[in-house]
Amino acid sequence: MNSEVIKKGVERAPHRSLLRATGIIKDEADFQKPFVAIANSFAEIVPGHAHLNEFVKEIKEAVREAGGVPFEFNTLALCDGIAMNHPGMRYSLPSRELVADSVETMVQGHRFDGLICIPNCDKIVPGMLMAAVRLNIPTIFVSGGPMKAGRAKDGRPIDLISVFEGIGAFRAGKIDAGDLLELEQAACPGYGSCAGMFTANSMNCLCEALGLALPGNGTILAVDPRRSELKKWAGRQIVELIKRDLRPRDIVTPEAIDNAFALDVAMGGSTNTILHLLAVAQEAGINYPLKRVNLISARTPTLCKISPASSLHIEDVDRAGGVSAVLGELSRKPGLLNLDCLTVTGETLGETVGQVQSLDPRVIRGVEEPLSPVGGLKVLFGSLAPEGAVVKTAAVVPQMMRHQGPAVVFNSEAEASAAILGGRIKHGDVVVIRFEGPKGGPGFMEMLGPTAALVGMGLGESVALVTDGRFSGGTRGACIGHVCPEAASGGPIALIKDGDLISYDLEAGTLELLVPQEELAARKAAFTPPLRQGLTGWLARYVQMVAPASIGAVLRPACGRPPGEQDYE
């Protein structure tokens with residue numbers, strides 16, 4: 001056991017003395033048991049994490065009962081919703097790296113034998129996933145659970161995105177201040193990750209497909225008593241994984257990442273999932289090509305449309321059978337999933353989900369009667385995005401699947417939001433927001449403010465938005481993000497001028513800037529990236545280390561196994 005280095009032998013008497021002082025060691029027999037790290041992420045200001053201080057207790061009890069010794073520690077958690085649309089959002093994606101590094105530091109410093117990760121919200125899940133494959137000790141994930149959808153006064157289900165879009169509706173005179181207040185008060189009824197197929201719930205679902213979480217992890221509500229049984233199972237199962245020496249890199253293989261993307265596109269997950277899965281692959285030493293997402297999306301049908309793409313929420317998916325039902329339906333068509341991949345259940349994916357069926361085809365369609373024959377995410381390439389851009393096609397209306405329009409260019413999210421809410425954008429425009437990439441922002445801010453404003457102002461079905469920033473999982477509409485190379489690196493997006501024609505075709509996977517090459521070359525020669533003044537602290541270091549979005553915006557040098565050790569095509 002790893003932990004023997006801190007508890008075995010005469011030389012470790014001081015270590016044992018300190019361990020006794022914690023109160024965790026109950027008797028001498030505890031020194032013979034595996035030490036299990038429990039990486040919690042409790043934070044009172046984050047509704048998806050505010051309950052985790054109580055949540056963890058049953059997990060620790062189950063570890064004890066199974067023959068392990070649990071040691072809980074905490075890492076940071078940032079609420080993307082509260083950080084949205086102000087400078088705090090610059091810290092959102094960088095916080096992913098801090099989560100990964102803090103978990104690595106605690107586990108390596110104390111030589112734990114196994115790890116239980118308790119994340120829930122947007123950057124905490126991928127941060128812990130990155131740490132898990134980096135550390136490569138037996139690990140299991142159990143999330144805090146999704147939030148129940150709210151209810152408007154007319155009974156319709158609502159969520160946080162309803163409030164963001166309500167701001168635009170209020171500015172457009174469609175609702176009054178009282179209506180907006182009612183949305184605000186009803187949209188988020190309690191603990192849990194926000195109720196739609198946004199980034200947090202997308203990532204918690206993908207943990208099941210990757211094989212690192214038990215069935216039910218992604219969809220059982222935070223307030224559902226069944227989550228108690230899931231926690232106890234996780235506490236028992238980690239001890240079994242330690243006995244079997246089943247490690248994350250035995251589970252998170254290139255084929256397992258394919259499975260995660262298949263689930264992702266079948267459920268119309270957040271575009272952020274592409275960023276995060278690429279980062280997890282990098283940490284596992286896998287060079288996973290961005291273009292492969294299109295291959296998977298082209299062969300994988302869309303079986304669900306969840307908020308923001310419909311009025312359905314994660315609780316509806318759970319009622320219909322959860323992630324296991326989606327994977328079970330996909331497994332009925334050969335070639336969509338790699339069913340031999342291992343999971344933390346101790347079984348293969350096929351053994352875990354092969355007999356599970358949808359309990360409600362209105363929520364989870366069968367593979368032979370899908371909502372769409374192709375998946376809900378797409379990677380675009382072209383003269384505006386030579387290294388790629390991403391879009392959630394599942395949330396795009398049919399008339400915006402192809403579009404050509406004049407660019408209206410902004411050098412920050414704040415400028416764009418003000419223009420949209422000020423009525424300066426018209427039908428047919430292509431809003432361009434640049435210098436918001438990983439390096440240029442810095443921090444790769446989410447553009448939920450402007451995208452929600454477009455919907456609220458009645459422009460969501462006639463205006464496109466293109467950015468080197470990224471989007472909330474709650475974004476809907478023709479919103480194309482992660483444009484690479486980003487403006488701060490001199491990518492073509494930096495050269496766009498107001499009125500330039502931009503064309504895209506989401507089915508063909510193209511994104512083009514319709515400006516002659518000679519003109520672009522002249523603009524490139526004259527281009528000087530703007531200097532961001534006053535950048536200090538962590539973000540100043542982040543700018544120097546962050547890699548492009550096309551490989552997950554990880555920090556260089558890459559951690560884990562050396563990059564290129566395992567190429568995947």
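We count from 1, first residue shown onward.
Every residue, even glycine, has its Cβ placed from backbone N, Cα and C.
Per Swiss-Prot, the candidate among E436, E446, E461 that belongs to the Mg(2+) site alongside D80, D122, K123 is E446.
Shown are the binding-site residues D80, D122, E446; the one with the most C-beta atoms within 10 angstroms of its own C-beta is D122. Classification of E446 (Mg(2+) binding site) by DSSP places it within a strand. In sequence order, L78, A83, S92, L93, C121, T199, A200, N272, S472 are the same-chain residues whose CB sits within 8 A of the CB centroid of D80, D122, K123, E446, the residues recorded for Mg(2+) being left out.
Here the candidates are the recorded positions D80, E446, S472, and by Cα distance the one nearest C121 ([2Fe-2S] cluster binding site) turns out to be D80.
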